[in-house]
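Structure record follows, encoded as structure tokens.
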Amino acid sequence: MAALSPYKADFLKASIDGGVLKFGSFELKSKRISPYFFNAGDFYRADLLQAISTAYAKCIIEAHKSGQLDFDIVFGPAYKGIPLATAATDKLAQLDPETYGKICYSFDRKEAKDHGEGGNIVGAPLKGKRILIVDDVITAGTAKREAIAKIEKEGGIVAGIVVALDRMEKLPAADGDDSKPGPSAMGELRKEYGIPIFAILTLDDIIEGMRGLASPEDVEKTEEYRAKYKATD
């Protein structure tokens, strides 16, 4: 496997050093026991926020320059997506002011406001604009479908999604049989909406980059987890 690009390697190291990416034994919503856990809500310290905003911005710029992504507004779904989207917007303007100096951001409210400016959306109006959703991870895809529905209701056009981590993990089987092959939530969203979805890091990236940053036992357990639950897409 090729070495990680510098921004991915820097982000991975910051995530591990800052305790955002942890290794151990963690029960997920799916009831699977994962040897690693990533919590973007732990990027609350200024230096860690700098690390994640830089990684998001460089991932977005890379996708934009390759012609895979074009957008007008960065959208952060409430709640975790709000600081991620605003920080990414600011970092985009810092890294490339000529291209992104006037880029806008928006986010949604969980409950509509019935006074003042009212409505569900805070920030730039979405109508007729290409919207890039920025969030932490895609688990089952439910939250992203809700965000897409809100954007479309406001007249926006979803241009793509960028997340911090792609677990590359198959969805739980409806009958509970985890031995069956299956697609990932990210793959299902790509197929359902026909939009590009990007991740700063994938599970493959984590396994490649964690050597030397985590114990050999943690590397082995993470490799075993990938082999057991890796998606078919």
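Placed from the backbone N, Cα and C atoms, the Cβ positions cover glycine too.
Note that the structure is a prediction, hence the values are computed from the model and not measured.
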Remark   = Which of ARG109, ARG130, ARG167, ARG190 shares the orotate site with PHE37, PHE38, THR139 in Swiss-Prot? The record says ARG167
Request  = Output the one of LYS29, LYS80 that, of all these binding-site residues, has the highest number of other Cβ atoms within 10 Å of its Cβ.
outcome  = LYS80
Query = Out of ILE138, ALA140, which of the binding-site residues is least crowded by other Cβ atoms within 10 Å?
reply = ALA140
Request  = For each of the binding-site residues (THR139, THR142), count the other CB atoms lying within 10 A of its CB, then report the residue with the highest count.
outcome  = THR139
Ask   = Could you tell me the C-alpha distance between ILE138 (5-phospho-alpha-D-ribose 1-diphosphate binding site) and ARG167 (orotate binding site) in angstrom, no decimals?
value = 8
